[in-house]
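*Asks:* Once you've had a glance at the structure underneath, I'll fire off some questions.
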Amino acid sequence: MQVYLPIAEMSVDALLLLGIGFGVGWLSGLFGVGGGFLLTPILILIGIPAPVAVGSGANQTLGASVSGLMAQWRRGNVDVRMGTVLLVGGFAGSVLGVQLFAWLRRAGQVDLAVAIFYVVVLGTVGGLMVRESLTAILRRRRARPRRLHEHFWMHGLPLKMRFRKSRLYISVIPPLLIGFAIGLLSAVMGVGGGFMLVPAMIYLLGMPTAVVIGTSLFQVVFVTANVTFLQAIQVGSVDIVLTLLLLAGGVVGAQIGAAMGTKLRGEETRALLGALVLSVALALLWDLLRVPEQLFVIGPAP
Amino acid sequence: MIRALLLFLALASPAAAQVAPPPPAAPPTLAPPSLAAQLSVSTIEVTTAFTGGEILVFGATERLIGAQGDEVVVLATGPTTSIVVRQKVEMLGAWINGPSARFNRVPTYWALASTSPVATLLDGVERQDLRLGLDLMPLVQLGARGPQFRAALASLKQDAGLWVDQVKPVEVSGGRLFHARLPLPATVATGAYQIQVMLVREGRVVARQELRMDVVRSGTAAWIADVARGQPVLYGLACILLAAFAGWIGSVLFRRG
């Protein structure tokens with residue numbers, strides 16, 4: 001069944017979009033991340049123009065994260081104070097990111113920039129996650145006790161603040177910077193940034209795992225809302241029909257994935273998620289390096 | 001006097017009766033060239049279920065269509081736009097967008113069909129004047145130089161089905177009735193389309209008819225695109241609320257247990 005996407009100005013098989021939504025939703029439910037990092041490359045792969053894929057991907061991630069945030073909120077797993085600090089950085093980052101995106105679009109390098117961002121960010125995050133989780137699995141075998149969290153030099157910077165839910169007393173500068181970076185990447189890559197935010201909160205900020213998912217969802221929902229809004233105004237590339245079709249498949253998949261996710265152990269989940277992130281990065285890297293089928297591309301003049 | 005009048009009437013009446021049909025005694029070369037063409041629809045609506053369509057041109061010629069008689073050429077052009085063609089170049093092992101050429105006033109849609117290949121019907125000068133050929137399209141290239149950009153534009157447009165160069169001939173039935181089906185892919189641009197129907201006789205275009213067709217967005221698709229363009233702030237907010245609501249309602253509906 002073909003459906004015409006009014007902003008992308010093309011018609012796509014609705015069942016294909018529902019299927020992609022379901023698959024990505026299932027994985028995101030399984031791993032507790034928004035899944036935008038998978039969605040945007042897949043949309044570009046099936047021929048959706050990169051700006052529409054990024055704008056609608058952010059919008060879809062917003063929808064996919066709302067219910068998760070509400071569930072975490074009810075369980076009291078959201079550190080609002082930390083979330084707000086992250087959000088302040090995130091808003092600034094996404095405003096800058098959308099400007100950068102609009103500029104790249106004029107320069108004709110959106111596809112390259114999106115691909116490079118994906119390869120570098122996903123490659124780094126995926127590699128780190130795989131390494132860390134494998135170390136953790138090995139360490140568990142040896143049954144060595146682990147410290148609550150480690151203090152880095154950056155936690156001692158000025159402007160210290162107490163985050164009760166996270167049991168932290170650290171400088172606000174690291175969370176602000178992390179929020180800023182995630183906001184910027186969110187705008188350029190069309191992702192919520194959960195897959196980067198979760199490890200950053202655990203390893204860089206030392207937050208307890210219990211509040212990490214809820215707090216990252218808090219940040220993701222508001223940053224993707226901001227990105228959606230800015231992309232709609234500045235680039236005009238949010239396709240609501242595309243978003244809703246992806247969401248329709250996504251919410252079903254997410255419930256099934258979340259049910260299966262409870263059966264996985266933390267380290268194994270992280271290792272699998274890391275492997276998935278890493279393979280997306282490698283696929284995109286291959287796409288960048290291989291000789292393209294078409295040596296020319298056409299696009300509307302800016 | 002009365003006899004003279006009666007004689008005049010008697011002479012004039014058969015002549016008056018012969019006014020409606022063309023005089024059969026007249027030599028063939030002086031006969032008015034005649035062509036009548038029409039479109040099956042004057043408007044194509046692009047709805048959310050649009051998967052492409054076609055421009056159906058049909059009509060009749062006064063004389064028989066064929067090798068020795070008349071030939072029909074149909075040229076359709078869509079609204080124009082500006083297009084940038086980018087060449088991918090290898091840089092540090094990766095393929096990136098390199099030099100680019102800009103073409104202004106490029107027809108988003110262009111289709112040519114005829115009863116016999118156009119090159120055999122008209123000579124080069126005539127074809128050049130009427131722009132009957134992809135290579136005869138008047139395109140000004142800005143930016144990077146080189147013929148490869150124009151060639152790439154033509155080949156990519158043809159791959160997308162937006163430029164159709166004599167893929168299917170104009171079909172003839174009953175000797176004088178003709179029809180042409182020009183395919184419109186789903187990615188077709190909205191706007192006004194011009195369809196020229198030309199009657200070719202002895203290497204010259206002797207009659208021409210211009211038809212107009214509109215491709216318009218309609219229904220929900222049109223409405224969404226209009227709101228997104230006209231009121232982006234409202235549209236952005238609506239996207240946020242709709243996505244959030246859809247995510248929430250979905251999780252309520254499909255929650256286990």
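Yeah, the Cβs are placed from backbone N, Cα and C, and that goes for glycine too.
Caution: TrEMBL annotation is automatic and unverified by curators.
These came from TrEMBL, pasted as-is:
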TRANSMEM  A:12-31  transmembrane segment
TRANSMEM  A:37-59  transmembrane segment
TRANSMEM  A:80-103  transmembrane segment
TRANSMEM  A:115-138  transmembrane segment
TRANSMEM  A:168-189  transmembrane segment
TRANSMEM  A:201-228  transmembrane segment
TRANSMEM  A:240-259  transmembrane segment
TRANSMEM  A:271-289  transmembrane segment
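Help me picture where these features are in the structure shown.
*Replies:* Listed as Cβ neighbours of the transmembrane segment (A:12-31) (distance under 8 Å, sequence separation of 6 or more from its ends, same chain) are residues 1-3, 5, 38-39, 42-43, 46-48, 60, 64, 195, 242, 245-261, 264, 269, 272-273, 276.
Sequence-distant contacts of the transmembrane segment (A:80-103) (same chain, at least 6 residues past either end, Cβ-Cβ under 8 Å): 51, 54, 110, 161, 163-166, 168, 172, 175-188, 197, 205, 207, 211, 215, 218-219, 222-223, 226-227, 230-231, 234-235.
Within the same chain, residues 37, 40-41, 185, 188-189, 195-196, 199, 203, 267-268, 270-271, 273-282, 284-285, 287-288 sit at least 6 positions outside the transmembrane segment (A:115-138) and bring their C-beta atoms closer than 8 Å to a C-beta of that stretch.
Listed as Cβ neighbours of the transmembrane segment (A:168-189) (distance under 8 Å, sequence separation of 6 or more from its ends, same chain) are residues 36-37, 40, 54, 58, 82, 85-98, 100-101, 104, 113-114, 117-118, 121, 149, 154-162, 196-197, 200-201, 204-207, 219, 223-224, 226-227, 230-231.
Non-local neighbours of the transmembrane segment (A:201-228) in the same chain are 32, 34, 36, 55, 58-59, 61-62, 65-66, 68-69, 72-73, 75, 77-80, 82-83, 86-87, 90-91, 93-95, 97-98, 128, 132, 148-152, 154-155, 163, 165-168, 170, 174-175, 178-179, 182-183, 186-187, 190, 192-194, 238, 266; each lies 6+ residues outside the stretch with a CB under 8 Å from one of its CB atoms.
If one looks beyond the transmembrane segment (A:240-259) by at least 6 residues along the same chain, the residues whose Cβ comes under 8 Å of a Cβ in the stretch are 3-8, 12, 14, 17-32, 35, 39, 43, 48, 52, 56, 59-60, 63-64, 67-68.
Remote same-chain partners of the transmembrane segment (A:271-289), defined as residues 6 or more beyond its termini with a Cβ less than 8 Å from a stretch Cβ, comprise 27, 31, 33, 37-38, 41, 112, 115-116, 118-119, 121-123, 125-134, 137, 195, 264.
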